[in-house]
Amino acid sequence: SAGPFRIPKCRKEFQQAQHLRACQQWLHKQAMQSGSGPQGPQQRPPLLQQCCNELHQEEPLCVCPTLKGASRAVKQQVRQQQGQQGQQLQQVISRIYQTATHLPKVCNIPQVSVCPFQKTMPGPS
């Protein structure tokens, strides 16, 4: 399936950006920590800063589609690694998307503040 990339240009940007590698690592890290991460305007951790840099290199149009691609990749990783089932897995996955949703705002991406991902992703795909 075309997945998040209905816009071919964005798929290309996603590949050029090495699938937003830093963002994937950041999403994974955040999702595996239960509890909310640091609040407020603390120093950005270096990994988050790298992720923001990746997003700033995208065209605004592609920020959400590429983030969605990154989220999906992380979701797959978690599924394979964890062997977690049901409830716990769903929580991790929803944290991935929650984190991704707000990244444009966290990173001050012009013209994009929140990516409209569904909060609850449908069951195993």
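Placement of Cβ uses the backbone N, Cα and C atoms for every residue, glycine included.
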Which cysteine out of C10, C115 is the one Swiss-Prot pairs with C64 in a disulfide? C115
Cross-link partner of C52 (disulfide, per Swiss-Prot) out of C10, C107: C107
At the Cα level, what's the spacing in Å between C115 (disulfide bond) and C107 (disulfide bond), rounded? 12
